[in-house]
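I have placed the structure first, in the form of structure tokens, so that the comments after it can refer back to it.
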Amino acid sequence: MARSKTSHRWLKEHFDDPYVKMAQKDGYRSRASYKLLEIQEKDRILRPGMTVVDLGAAPGGWSQVTSRLIGDRGRLIASDILPMDSIPDVTFIQGDFTDDAVFALLLEAIGEQPVDLVISDMAPNMSGVKAADQPRAMYLCELALDLAGRVLRPGGDFLIKIFQGEGFDQYLRQVREGFDKVQMRKPLSSRDRSREQYLLARGFRGA
């Protein structure tokens with residue numbers, strides 16, 4: 001089957017993308033690494049020795065950045081529905097985050113040690129129909145917030161990809177109830193046409 005004009009356009013944009021070229025040059029698995037690096041440069045959310053949970057981790061761009069910045073004394077637990085090539089000293093749980101059994105496996109892997117930071121770059125498979133995509137995206141955000149509320153230490157931080165639309169304002173209010181400070185970030189490496197933003201919540205108040 002011949003490729004559509006849309007897929008031709010996507011491929012051209014992808015390979016012309018300066019962040020894709022930078023990722024190939026710098027050894028990162030995806031352009032998403034630069035989104036986290038930009039946020040890190042501004043907000044310094046990652047430090048040596050931290051315990052971090054990375055949701056929606058595949059192919060591993062955020063895990064690569066995180067692992068490097070938390071160092072040998074740090075601990076990183078990552079999860080995705082898709083497989084991810086191993087990264088040294090990273091514990092990876094493959095499975096559907098919306099599945100209770102996978103959620104339980106992730107909690108088991110985290111164990112009793114309080115987590116300093118939960119990061120999530122999760123997004124559902126987009127159909128292009130906003131009325132269908134937005135509720136699925138917000139459901140993943142709700143689950144990520146639930147996990148963060150269970151595992152974060154008091155004072156811990158939460159960074160999550162979120163899409164403007166139905167449910168956004170309610171979610172923002174919910175996050176503000178549990179954290180001291182909430183800010184929105186739109187990295188330069190996030191494509192202009194994308195509705196994605198990153199919500200950064202700092203200073204978890206405790207369960």
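Even glycines carry a Cβ here, placed using N, Cα and C.
Here Swiss-Prot has Gly60, Trp62, Asp80, Asp96 binding S-adenosyl-L-methionine, and the candidate from Asp43, Asp116, Asp121, Asp133 in that same listed site is Asp121.
In this view, Asp121 (S-adenosyl-L-methionine binding site) is surrounded by 22 other Cβ atoms within 10 Å of its Cβ, with every protein chain counted. For Gly60 (S-adenosyl-L-methionine binding site), the number of other Cβ atoms no farther than 10 Å from its own Cβ, over all displayed protein chains, is 24.
Of all Cβ atoms in the protein chains displayed, 22 besides its own lie within 10 Å of the Cβ of Asp80 (S-adenosyl-L-methionine binding site).
Mapped onto three states, the DSSP output places Asp121 (S-adenosyl-L-methionine binding site) in coil. Residues Gly60, Trp62, Asp80, Asp96, Asp121, recorded as contacting S-adenosyl-L-methionine, have a largest CA-CA distance of 18 Å.
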